[in-house]
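Asker: To start, I am sharing the structure in question, which I have written as structure tokens.
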């Protein structure tokens, strides 16, 4: 079974966590596109969605789901998103699709974070997938130097401007054994908008698409 089929399995499984009449926080990426497709089948049961990217907004509207502005809400019941990597503590690297800042804002405002992935995204230590960082353009050379200091190899993501009007660098060759500490360190650097480490706000539930079906990891059971 190819990875796209496993992504689709996980995406459809997330519907079990959607309560009628709620507004759903929706992430970005290929796995989330499957989730939006699934969400469209129950669009009459939900109130609508808050989107983390322009691309997800377009797809949500295409499936007849009303999209609301996050600034009108103090919290959301649930946020569904994927991850580029996730460790045993349900901490993640996200931002391969470039929407990391908006994703982190919605995740932080949501009572429940459901992460949907295929089995290839599960790792013991974060860092094999390059770590995305959204930065203000004038900070590029400074942030490059700071990433080299911590042992990383930064690369500018060419031809990409985020929905916020900023740029992204991807940092290779990191072995992130303390994700919370690294998240705080990088976020504290002047010019950083946000780093694609979701460690302080980790997932509450992980749904992993496997050939044998859905593997569910619950934060309470994982402690």
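Just so it is clear, glycine is given a Cβ too, placed from its N, Cα and C backbone atoms.
This is the feature table in Swiss-Prot:
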type	residues	note
BINDING	28, 29, 30, 31, 81, 82, 83, 84, 94, 95, 96, 97, 121	substrate binding site
ACT_SITE	103	active site, proton acceptor
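Describe the structural surroundings of these features, if you would.
Answerer: Around residue 83 (substrate binding site), the same-chain residues six or more apart in sequence whose CB sits under 8 Å from its CB are 92, 93, 94, 115, 117, 121, 198, 203, listed in sequence order.
A sphere of 10 angstroms centred on the C-beta of residue 103 (active site, proton acceptor) encloses 30 other C-beta atoms.
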Asker: Give the maximum pairwise CA distance in Å, whole number, for the residues 28, 29, 30, 31, 81, 82, 83, 84, 94, 95, 96, 97, 121 listed as binding substrate.
Answerer: 15
Asker: Using the recorded substrate site (28, 29, 30, 31, 81, 82, 83, 84, 94, 95, 96, 97, 121) as reference, state which further residues of the same chain have their Cβ within 8 Å of the centre of those residues' Cβ atoms, listed in sequence order.
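Answerer: Neighbours within 8 Å of the Cβ centroid, excluding 28, 29, 30, 31, 81, 82, 83, 84, 94, 95, 96, 97, 121: 27, 32.
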Asker: Are there any residues at least 6 positions away along the chain from residue 28 (substrate binding site) with a Cβ closer than 8 Å to its Cβ? List them or say none.
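Answerer: Set apart from residue 28 (substrate binding site) by at least 6 residues yet with Cβ under 8 Å, we have 52, 53, 55, 56, 81, 97, 98, 99, 102, 103.
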Asker: Quick one: of 94, 121, which of the binding-site residues has the smallest count of other CB atoms within 10 A?
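Answerer: Among the binding-site residues 94, 121, the sparsest Cβ neighbourhood within 10 Å belongs to 121.
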Asker: Within 10 Å of the Cβ of residue 96 (substrate binding site), how many other Cβ atoms can be counted across all chains shown?
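Answerer: Other Cβ atoms found within 10 Å: 21.
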